Amino acid sequence: GTRENSKSKSDSMAERVAGWGLVLKTDDQSGRVDGVRARTSEEEKEFRRLSEERRSLNSSTVRSSDESGFTSDTSNASHLPRVSKDVLQALEGFQQTFVIVDGTKPDLPIMYANAGFFKLTGYNPSEVIGRNCRFLQGKETDPEEVDQIRQCLKKGVGYCGRLLNYKKDGTAFWNLLTISPIKDDDGSVLKYIGMLVEVSQFTEGTKEKSVRPNGLSESLIKYDSRQTERASFQVAELLETIRDPKHVDNLRNSISLGVVKPVPPSGVHKEIDLRDLPAGYHNNSAAVRSGESGASDIHAEALRNQKESASHRDSISKGNRSSGFFSFLGLDKFSGKGTVNQQDGAEFIEPEILMTKDEDSYDSSFELDKARLKEIRRGIDLATTLERIEKNFVITDPRLPDNPIIFASDNFLELTGYSREEILGKNCRFLQGPDTNRETVKKIREAIENDREVTVQLLNYTKSGKTFWNLFHLQPMRDDKGEVQYFTGVQLDGTEYLEPLTKRLSQQIASEGEKIIRATAANVNDALRELPDANLKVEDLWRIHSRLVLPKPHKLNNDSWGVIRKIHAIGEKVKLKHFRPIRPLGYGDTGSVHLVELRGTGKMFAMKAMEKDVMVKRNKVHRVCAEREILGMMDHPFLPTLYASFETRTHVCLITDFCSKGELFVLLDSQPKKIFNEDAARFYASEVVVALEYLHCQGVIYRDLKPENILLQKDGHVMLSDFDLSYLSTSNPELVWPPRLHKRKSKTKDKPSPVFRAEPIASCNSFVGTEEYIAPEVIVGSGHSSAVDWWALGILLFEMLYGRTPFRGKTRQRTFANILHKELTFPRRIPTSLAARQLINALLQKDPKRRLGSRGGANEVKAHPFFQGTNWVFIRWMTPPSLDNAMPLVQSEVVPERDEDLDWDDFEASNPIDYF
């Protein structure tokens, strides 16, 4: 009976996956199901032939709606493969709007569309199934964008972009379209998934091309790159459902996807809901707050913020910031109080498959494919601090005619009903109406003319004509010279709290509300300072890269500086022409890195090249400039030295040390079990601690610690790299006396020595990092400090000792949910010391206030028993550990220059790869 049941389950599973171009993999010896793979082209043809025969035998060419999810339309059903009810039910659980098309047919006909598609477009199934998606196009659809889609489909690659589409009734809407191919093992496309998200309210639309007099975008933030970034990992869950039958079976038990609102630029609005998190998760493991509306209950919000004041502008994490990616995951919606419910007996969201010594218990279905492995290790930049403030506010620029809006928060758009495209570039007067008090409007106008702040109450109107009582605060933002750059206007809807007689807010309610909007304005102004001045000329954006770089004391006499100073000595600035490309070294979030030779010297350097236009489009100008400033401060053996920076017509470039032993990630991956022994892990971790200590002393929060960013120098010592996601603040150096262990007075000779401590003062709230290494407070959006680097150190140490990170999920959403709520556990199959586990546990405290290093900085970490015996003073002279597989030197032989000897300035830094 057991064998028959097992066979029945296997047959059922095979039938379910067959409809999606997949077949089960089985173990040759045991016959046990061992995962799933895509069908080959030949298997696809055989499947279609057998399907046709089966339909003929059943004397039916029409499937019922129960079987297919379609209506009983007969025109195309005979050409469509059978889809199991279980898979359809799983797919219908996704509230994203999507279609699946047949990639084997020339016209790519739609073979499946979910209910969201019909609701969005207004079409019915008989008008959609079997047709190409081009029926959504209209007269204003950009033909260039359509051609780009066509080229991607022709090449069998994915696409993500925004285009204007039309509903059945002729209504135009902005569609953020993401297309992903499903291929067989031979690389042939079987199907395409197309996910549609209406972004009409949140995109710039046609205003994307509107520019200021200085040539920069009219909008302070470019939204297309934000939206495409998020859409790419939303579609990942759909792909996973089709590829993995176990994922299909357990999907609704472990993670439930709720209504997906249009992808907002903040990336924090309730797009995905994790309704019932399984048992095994802490419901108090992270200090989590529910999202703040800013547009509803003044009294309730005042109570939540009763401890807030304008002084909180120096402390982002005290309640004025957005709930961040916590709201994006929807964890607050179903918990009621900002905590997570538990369900007894439910499965873990990501099973701890390595908790047993029985290696056969490993489930191969949890292996990640190559694309996912690549995605999970790259840096992400989902939002600036400004974008994560969930309040009703706009930013205007008085230096432009009519003081137009250059930024509007998502909450403002939701309150007023206007789209971003409709209000960018306009004056705020569109909120006024026939009953708006003109004297109040005059007060606002006079405040703007006199560059001062003002708080008023006035009647405003939404797009639909509905009135709301607006408690409004206007505050100027000044630059370092005291000149006004922007105005921030914060709104709070007090309609429900008007006094019946006066038709105004009571003094108490108005006072409480004013505290909230003033604190919000201060936080907005602080967040604005992270971004470049929108009024700068285009050429001035990169001015810092043209500064002369001079040597710092500790590396003044090294060979690299010797050859660079020879160029300075003849009165020249170091430029691209002085370097010859050897070969590419890698690609990061903001640019590519190349191995280059300083011509005629044989001396090798690493050159990071970043394309200017791409950095502007991706909102990364401030990141690139911060990296240049940070590198210019560095003078430490475990951190890179900046030798030169310069710009070309299209690129900015940084010249730093070349580390000939490559990445720590490659060294770790080359070990027999992809792990280090504890001595090796201790060595590399201790050098990282010293490097982080120096960075924090300089006011730098690193924010992207991972093995890929730890390079190995020729002598085997580490060097941290890639500072484009780092945050630069200031630090407050101080001497801290250790607490006395005994109350009685000690002799002078027994007094402990003071300890030097310097940590970055400010905190920030941007959403950056690498998926597996991001700290909980970054996801939650409560503001973060240098404690995020100590969290990342804990993840790094875990990966070095166990060969993987502790919270990895099959999708990004699952990884973030694991980080927030999953308990830290240690695989028993790999023995480690108690001290190592205790250190990792102390570093991976979800509450940053309890995290090791958050109070005492690096000294707390150094004092941990795991590092006992480490000679911190002489660590740079220690001999690197001996490993099973040592890293060979990265090939850097100097080859003779080519006869044509190309001048890079003719081709720019984007093309050196063409000449390697």
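Start at 1 and count along the chain as shown; that gives each residue its number.
Backbone N, Cα and C atoms are what each Cβ position is placed from, and that goes for glycine too.
What TrEMBL lists as region 'Disordered' is 30-78. Residues or ranges marked as compositional bias 'Basic and acidic residues' in TrEMBL: 30-56. As annotated by TrEMBL, compositional bias 'Polar residues' applies to 61-78. Feature annotation from TrEMBL assigns domain 'PAS' to 83-157, 378-451. Per TrEMBL, the feature domain 'PAC' maps to 157-211, 452-506. The domain 'Protein kinase' annotation in TrEMBL covers 579-867. Residues or ranges marked as ATP binding site by TrEMBL: Lys608.
Mapped onto DSSP classes, the domain 'PAC' (157-211) shows 5 helix, 31 strand, 19 coil.
The predicted model assigns the domain 'PAS' (83-157) a mean pLDDT of 87. Following the DSSP three-state reduction, the secondary structure of Lys608 (ATP binding site) is strand.
For the domain 'PAS' (378-451), DSSP puts the residue distribution at 30 helix, 14 strand, 30 coil. Counting residues per DSSP class in helix, strand and coil order gives 3 helix, 32 strand, 20 coil for the domain 'PAC' (452-506).
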